[in-house]
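Novice: Input: one structure, supplied below.
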Amino acid sequence: MDPNTVSSFQVDCFLWHVRKRFADQELGDAPFLDRLRRDQKSLRGRGNTLGLDIETATRAGKQIVERILEEESDEALKMPASRYLTDMTLEEMSRDWFMLMPKQKVAGSLCIKMDQAIMDKTIILKANFSVIFDRLETLILLRAFTEEGAIVGEISPLPSLPGHTGEDVKNAIDVLIGGLEWNDNTVRVSETIQRFAWRNSDEDGRLPLPPNQKRKMARTIESEV
């Protein structure tokens, strides 16, 4: 069993115990109490799956938390602020663009648009988004540009469906790349997106071959066989 899985469960059990003590003093509001009940059911399920006793795990979690607090300074207790990262200029973000052969897909709370008329181009993906804990927090806008600067694709949050995860954004990027590569375009992803929003790397930390290169390699292998 992964030690991180065990220690995470232990800490969650102890933190639930602290929240329960807080609620016992009639200090919690309705949403707090509702989350407490839901998390209790979740912990029981995780305990059964892991084969761990909740009371024993709570004691172990207390030791972990106490050890962390002993090493913690008041400065470290501050909530980290979000950072806003920008690949695009204000002009690139606000520029209107048009599609000759429009294709649009909604994935969760994200809208993916691309121009299917674009072929045999080198395309770069750029994005503006906020980051917290070194992970994407909120996507503001992602756009696909040709080397000439024309906009040929876009991923944007839907105002009517707020809220998206880093995994949602990564999946949307995969859809956009797949659609653009279908017409033999070469798609590159900015370093900022690779680092925070699209951590699609193999075991050696290298970005994998894009789908069109994989298809070309497969055809080459088949012809050799």
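Glycine residues also receive a Cβ, built from the backbone N, Cα and C atoms like all the rest.
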Novice: If you look at how Swiss-Prot annotates this chain, which of 90-97, 162-169, 218-225 comes out as region 'PABPN1-binding'?
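Specialist: Feature region 'PABPN1-binding' in Swiss-Prot: residues 218-225.
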Novice: Would you mind listing the long-range same-chain contacts of the motif 'Nuclear export signal' (132-141), meaning Cβ under 8 Å and 6+ residues beyond its ends?
Specialist: 80-83, 88, 93, 110, 154-157, 164, 166, 169, 196-197
